[in-house]
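The signal peptide annotation in TrEMBL covers 1-21. Here TrEMBL flags 31-328 as domain 'Plant heme peroxidase family profile'. TrEMBL lists 41-121, 74-79, 129-324, 208-235 with the feature disulfide bond. According to TrEMBL, the feature site 'Transition state stabilizer' maps to 68. Under the heading active site, proton acceptor, TrEMBL lists 72. Annotated Ca(2+) 1 binding site per TrEMBL: 73, 76, 78, 80, 82, 94, in sequence order. Marked as substrate binding site by TrEMBL: 171. Residues or ranges marked as heme b binding site by TrEMBL: 201.
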């Protein structure tokens with residue numbers, strides 16, 4: 001971890017623990033706790049970290065994919081592991097929803113984590129798949145050089161999924177700022193959360209089909225002309241839907257360059273550039289792009305904790321799945 005970031009590391013952990021407890025209490029549900037598995041399975045979190053680090057070491061892109069799984073899970077029914085369920089006659093899998101179909105990935109890594117964690121916990125299903133997603137997202141960010149935070153734990157897994165809700169509630173890459181703000185507000189997230197969490201696009205890639213219209217049809221007042229020309233080299237007018245473009249210039253490193261790109265009109269997705277287009281979020285974007293990303297690091301970690309508190313199943317609600325892809329018999 002860079003020296004400039006190390007000084008804020010422990011402050012982040014302390015303040016986030018306090019903020020999360022307050023958020024949980026005000027929301028009216030059983031509060032989650034970073035210490036939930038301390039006694040029932042103290043080896044759980046180290047086991048998750050080992051598998052995530054190995055997966056990201058094999059393929060740096062996987063870190064962004066695991067972060068995205070947690071995000072797409074929480075925006076549909078809350079953070080309940082519903083995105084992991086395969087289709088059955090009674091499960092309308094979210095994997096085939098438009099934001100996820102042939103796009104969401106990393107499910108096999110979650111399977112590996114589940115197997116390793118169950119082994120570490122004495123062969124029993126102790127850790128929920130929803131909690132695995134939350135911890136894997138944090139460990140992925142850390143593995144790519146980003147901040148850490150204390151993940152609030154104690155979620156249980158859903159017994160249902162909703163492709164319709166996924167289609168309606170996961171933010172689209174084509175949204176403008178008012179639509180983005182509305183989408184996040186629906187989940188109890190404010191404007192600053194929107195900008196901070198969008199900063200997750202400092203890692204990873206997007207498919208051509210999601211940015212083709214931007215690089216071919218948006219005007220010079222909203223996209224840098226040279227940037228658009230460069231992206232057209234691998235994303236063509238009528239083909240190459242699955243071809244990848246990096247979301248910023250350092251897609252395997254968690255840093256503040258995403259926001260610097262927005263100021264230069266080099267956001268890859270329309271929804272990225274919407275954060276810096278003369279609207280109310282411009283000043284936040286500018287702030288995150290300065291001071292070596294320190295304020296972004298802190299706010300991203302804080303917003304991840306807040307997002308992880310979206311409608312979790314706790315207590316006797318839901319279940320602890322034996323297989324993350326299937327509801328228990």
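Every residue, even glycine, has its Cβ placed from backbone N, Cα and C.
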Exercise. In whole Å, how far is residue 41 (disulfide bond) from residue 80 (Ca(2+) 1 binding site) when you measure between their Cα atoms?
Worked result: 20
Seminar exercise, completed: Smallest Cα-Cα separation from residue 208 (disulfide bond) among the recorded positions 68, 74, 76, 79, 201 is shown by 201
Exercise. What mean pLDDT score does the domain 'Plant heme peroxidase family profile' (31-328) have in the model?
Worked result: 97
Seminar exercise, completed: For the recorded positions listed (68, 72, 201), most other Cβ atoms within 10 Å of the Cβ sits at 201
For this session: Name the one residue among 82, 171, 201 whose Cα is closest in three-dimensional space to that of residue 74 (disulfide bond); these are the binding-site residues.
Result: 82
Seminar exercise, completed: When each of the disulfide-bonded residues 41, 74, 79, 235 is scored by other CB atoms within 10 A, the minimum falls on 41
Seminar exercise, completed: For the disulfide-bonded residues listed (121, 129, 208), most other Cβ atoms within 10 Å of the Cβ sits at 129
Seminar exercise, completed: Counting other CB atoms within 10 Å of each candidate's CB, the least crowded of the recorded positions 76, 324 is 324
Seminar exercise, completed: Lowest 10 Å Cβ neighbour count of the binding-site residues 73, 94 is held by 94
Exercise. Hey, of the binding-site residues listed (78, 82), which one tops the CB count within 10 A?
Worked result: 82
Exercise. Any idea what the Cα distance is from residue 68 (site 'Transition state stabilizer') over to residue 171 (substrate binding site), rounded to a whole Å?
Worked result: 12
Exercise. Should any of the recorded positions 41, 72, 79, 82, 129, 235 have a Cα within 10 Å of the Cα of residue 171 (substrate binding site), which are they?
Worked result: 72
For this session: May I ask which of the recorded positions 72, 73, 94, 201 is closest to residue 235 (disulfide bond) if we compare their C-alpha atoms?
Result: 201
For this session: Can you grab the distance from residue 94 (Ca(2+) 1 binding site) over to residue 129 (disulfide bond)? Cα atoms, rounded to a whole Å.
Result: 15
Problem set entry | Chain-mates of 73, 76, 78, 80, 82, 94 with C-beta within 8 Å of site centroid, Ca(2+) 1 | 72, 74, 75, 77, 79, 81, 83, 158, 161, 162, 165, 166
